[in-house]
Amino acid sequence: MKIIKITPRGFCKGVVDAYATCKKIAKLYPNHEKYLIGWLVHNKEIIKELEELGIQTKDDKNHSRSEIIDSIEIKDKNNPPIVIFSAHGTDQKTIDKAREKGLVVFDTTCIYVTKTHDLIKEKIEQGYQIFYIGVNNHPETISTLSIDKSIILIETVNDIENIRTESEKPIFVTNQTTISIYEFEEITETLKSKYKNIEFKNDICNAAKDRQDAVINMPSEVDLLLVVGDIKSNNSKKLVEIGIKKQIESHLIWNTKNIKDEWFINKKCLAITSGCSTPTWLANYVIIFLEKKLGTAND
């Protein structure tokens, strides 16, 4: 079987920067309790590595980040706990609460997420109604919706028919940085047919877009796609969805243990890629495993 290693793959710059910040914090503050508020990025291997550095992840779907901050005790005022907010973004009130409480705060929010937030705030000040295309309950979406209660979330095209908004307000549409280009195009085309006074800004980040484009433009000979990424990783799951949309059998794998032999039956060309939050070493480990398993090594 031929193997094609799709590039780019692996960590994006935002993840590299966030991870480097955590490693620096671990080195500079050895005597402080250190907590990640939410997964730094959606990958279990990274969370394990950070735990080994003394950084504990606090993430609970039943409690908000604000409530998590409330639960952190300051036992030594000379060495207060350090809290690190994830790359997906966190609402400003929660960050302010952490500082007011006396915690040492580090915010690793991705620059692309910050740019989207700044643009939304600017458009709200200009009198626009904001439509936000994103995944409900994803931390990036939660942080964005916290900017203003008037922001309307659109998860699928089916949500559009239920939208109720002030007709005289101009509409500005932007999106979560890790949705697929297909989702953005499908939803925006439907919105164009319903609203006249509407503007769009595609805020899919460059790293996610580059990885999506690479899958979209895979050689036609590919008949099996494997994406190395965590089950919680939205950008990794979108790569799988794009493969399926191209009518290629596609699977998300987070280690070598969930690779199934039946996937390779009657297949001739395997393409491998990974999400923005997948460590390069993990993607390479899976590639080497598959090369040995399939008895081949190709570019």
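From the backbone N, Cα and C atoms, a Cβ is placed for every residue, glycine too.
For Glu140 (active site, proton donor), the count of additional Cβ atoms within 10 Å of its Cβ stands at 27 [all protein chains shown]. Annotation comment: Swiss-Prot describes Glu140 as active site, proton donor, evidence class sequence analysis.
Under the DSSP three-state reduction, Cys205 ([4Fe-4S] cluster binding site) is assigned to coil, being neither helix nor strand. Taken from Swiss-Prot, the feature [4Fe-4S] cluster binding site covers Cys12, Cys110, Cys205.
Taken from Swiss-Prot, the feature (2E)-4-hydroxy-3-methylbut-2-enyl diphosphate binding site covers His42, His88, His138, Thr177, Ser233, Asn235, Ser277, and the record attributes it to sequence analysis. The Cβ of His42 ((2E)-4-hydroxy-3-methylbut-2-enyl diphosphate binding site) has 28 other Cβ atoms within 10 Å, all protein chains considered. Under DSSP, His42 ((2E)-4-hydroxy-3-methylbut-2-enyl diphosphate binding site) is assigned to coil, being neither helix nor strand in the three-state scheme.
When secondary structure is read from DSSP and collapsed to three states, Ser277 ((2E)-4-hydroxy-3-methylbut-2-enyl diphosphate binding site) falls in the coil class. The annotation isopentenyl diphosphate binding site is assigned in Swiss-Prot to His42, His88, His138, Ser233, Asn235, Ser277.
Here the Cβ of Ser233 ((2E)-4-hydroxy-3-methylbut-2-enyl diphosphate binding site) has 25 other Cβ atoms within 10 Å, regardless of which shown protein chain they belong to. According to Swiss-Prot, the dimethylallyl diphosphate binding site annotation covers His42, His88, His138, Ser233, Asn235, Ser277, on the basis of sequence analysis.
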Task: Rounded inter-Cα distance in Å - Asn235 ((2E)-4-hydroxy-3-methylbut-2-enyl diphosphate binding site), Cys205 ([4Fe-4S] cluster binding site) - done: 10
Open item on the list: Could you check which of the recorded positions Cys12, Cys110, Glu140, Cys205 is the closest Cα neighbour of Thr177 ((2E)-4-hydroxy-3-methylbut-2-enyl diphosphate binding site)?
Closed with: Cys205
Task: Rounded inter-Cα distance in Å - Cys110 ([4Fe-4S] cluster binding site), His138 ((2E)-4-hydroxy-3-methylbut-2-enyl diphosphate binding site) - done: 15
Open item on the list: Considering each pair of residues in His42, His88, His138, Thr177, Ser233, Asn235, Ser277, all listed as binding (2E)-4-hydroxy-3-methylbut-2-enyl diphosphate, report the largest CA to CA distance in Å, no decimals.
Closed with: 15
Open item on the list: Rounded to a whole angstrom, what is the C-alpha distance between Ser233 ((2E)-4-hydroxy-3-methylbut-2-enyl diphosphate binding site) and Glu140 (active site, proton donor)?
Closed with: 12
Open item on the list: If you measure from the CA of Ser277 ((2E)-4-hydroxy-3-methylbut-2-enyl diphosphate binding site) out to 10 Å, which recorded positions from the list Cys12, Glu140, Cys205 are inside that radius?
Closed with: Cys12
